[in-house]
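Reading through the structure tokens given below for one structure.
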Amino acid sequence: MGCFGFLKGMMFVFNGIIFLAGAAILGVGIWVKVDSGSILGFLGKIDNAPAELSQVLNVGYLLIAVGALLVIIGFLGCCGAVKESRCMLLLFFIIVLLVFIAEVAGAVVILVFRPLADELFMKVGTAAVQNIRKDYGKNPDVTGLWNTTMSTLKCCGFYNASDFIGSPYYVKNDNKYPPLCCPGSENPCNQTYNSTTIAGCFPKVKQLVDENTVVIVGVALGIAALEICAMVVSMGLYCRIKSTMA
């Protein structure tokens, strides 16, 4: 009974973590879809954006699906342990195994198609710069979206301040960049004092991802290890219940 109780306890621990992780991912997915001012929603409104971007922008639905699946997995695991249901435990094992295989396949796809992702970012960058130079300072919606994005991320333009050269705002304001590009500077925000401008939004996001690569990889490996442990414990509990019923 000691071993059996230990297995049940571990099932609660693993599935409690899975349930909470699923709820967090579900919340983030809902936030991404609801928040029209998010960076993803902003990218979707850029004129001449590459067609491939529309598929990437569905990440909100993907997060909602993954979060809901993890919540269901956590619920199945806990109920299976409490009720000592072999059916629930087996279903839990199968779902976690399928999720694990899908994650491995997804990681392989990301590694294989990394060059395509770089090409997509280049296309998005070209469209973003064209969008700035055509409508920033003329179209209130575009101007507001860029200002919100730059204010939130503390950045300037897509690549850098030079993205604004030739834009309606730049022409109307004596060849000056937006004030958001030179926060706290007393000098005119223009090419003469270009050193006072802050980094572009894309380089800043890329830097943030690069700086947290170790954390991201660690979390991914931790989730994979958790799933493997959960499968081992669930199958051990399943076999234990089966032997007691024999």
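Cβ atoms are placed via backbone N, Cα and C, with glycine included.
TrEMBL: automatically predicted annotations, no manual curation.
Keep in mind that this is a model prediction, so the values were computed, not measured.
For C201, the disulfide partner named by TrEMBL among C155, C156, C239 is C155. Between the transmembrane segment (12-32) and the transmembrane segment (89-113) there are fewer than 3 Cβ pairs closer than 8 Å, counting only residues 6 or more apart in sequence, so the two stretches are not in contact. There are 24 other Cβ atoms within 10 Å of the Cβ belonging to C201 (disulfide bond). The least crowded of the disulfide-bonded residues C155, C156, judged by other CB atoms within 10 A of its own CB, is C155.
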